[in-house]
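All remarks here apply to the structure that follows.
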Amino acid sequence: MSTSKRKIDHLKICLEEEVESGYTGLEDVMLIHKALPEVDYWKIDTEIEFFGKKLSFPLLIASMTGGHPETKEINARLGEAVEEAGIGMGVGSQRAAIEDESLADSFTVVREKAPNAFVYANIGMPQVIERGVEIVDRAVEMIDADAVAIHLNYLQEAIQPEGDLNAEKGLEVLEEVCRSVKVPVIAKETGAGISREVAVMLKRAGVSAIDVGGKGGTTFSGVEVYRVNDEVSKSVGIDFWDWGLPTAFSIVDCRGILPVIATGGLRSGLDVAKSIAIGAELGSAALPFLRAAVESAEKVREEIEYFRRGLKTAMFLTGCKNVEELKGLKVFVSGRLKEWIDFRG
């Protein structure tokens, strides 16, 4: 099956099937309500700077799609809304457009619609191992990217019938990429989370930030369950549907090692606020914006505003004048997340 066909299959499955794994760990985080906030809601400053780009509030639309003619309009709507809102976004894996240059416009449309926004390129670690720095450079140049995400999607590859399963010398190759590429490198999981031990390895390799891509949002093991035809592969995919570290577990594990992007089941501005309070620099989500973009750019704008309003409300009700104060907020942690923190010391 061509990479392009696989991409549109993934997109349709995400839109039409139940592909979320549920528990993110953010359910175990409570922001402590301040009955007298002593701040003016209208003066709250949500702006941050990320890799030299100002964002109106700490949100990225996560890597999602591209690489098929049907995805061009989706990326155009996302880019348009991101530019207007003053936030950032990532494109989906650019492998298909590198293999077939006729598909490049499904990605380049993002930069056309968002000339000033923070936009990051995206390519898979299996392809980087196979082809080296050259493929990363091409991904960056294709969209004039401000950064590049190298996605670590080995759970998906293990379930996928045509999966790339060689991870040998991955760290060595990643070190070479970080030395050579002219933009910051983000190491990005795609639904199974990143542990402290791996975060330390990634820092030593020269990675600039981590997108934890934790469990709790879209499960690509689940996505592959809907694609595979043989019963053994389907059964294995079901077994690993809930595999990985929940998003909040990864955030607390990786904080302080590298800047953390919180992705994996964030569905509101409150989720973004909780993520920042426990150690993330900013939040990110894909599925809510994908569903909105299928309808219109206006729906994407509404979803962005929903996240922005929720974040600002959480900041107001906890007495935070800016995002730095949110980072220093004391929170109540319970349940499995508390057990994880105790276990990890």
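Residue 1 is the first one shown; counting continues down the chain.
Glycine is no exception: its Cβ is also placed from the backbone N, Cα and C atoms.
Binding site for FMN per Swiss-Prot: SER63, MET64, THR65, SER93, ASN122, THR218, GLY265, LEU266, ARG267, ALA286, LEU287, plus LYS188 from the candidate set LYS34, LYS43, LYS188, LYS312. When the binding-site residues ARG6, SER93, GLN94, ARG95, GLN156, GLU157 are screened for a Cα within 10 A of the Cα of ASN122 (FMN binding site), the ones that qualify are SER93, GLN94, ARG95.
Counting only same-chain residues at least 6 apart in sequence, those with a Cβ under 8 Å from the Cβ of THR218 (FMN binding site) are CYS14, VAL19, GLU20, SER21, GLY191, ALA286, LEU287.
Neighbour density around each Cβ, counted as other Cβ atoms within 10 Å, peaks among the binding-site residues ARG6, ARG95 at ARG95. Under the three-state DSSP scheme, THR218 (FMN binding site) falls in the strand class. Highest local Cβ density among the binding-site residues LEU266, ALA286 belongs to LEU266, counted as other Cβ atoms within 10 Å over all protein chains shown.
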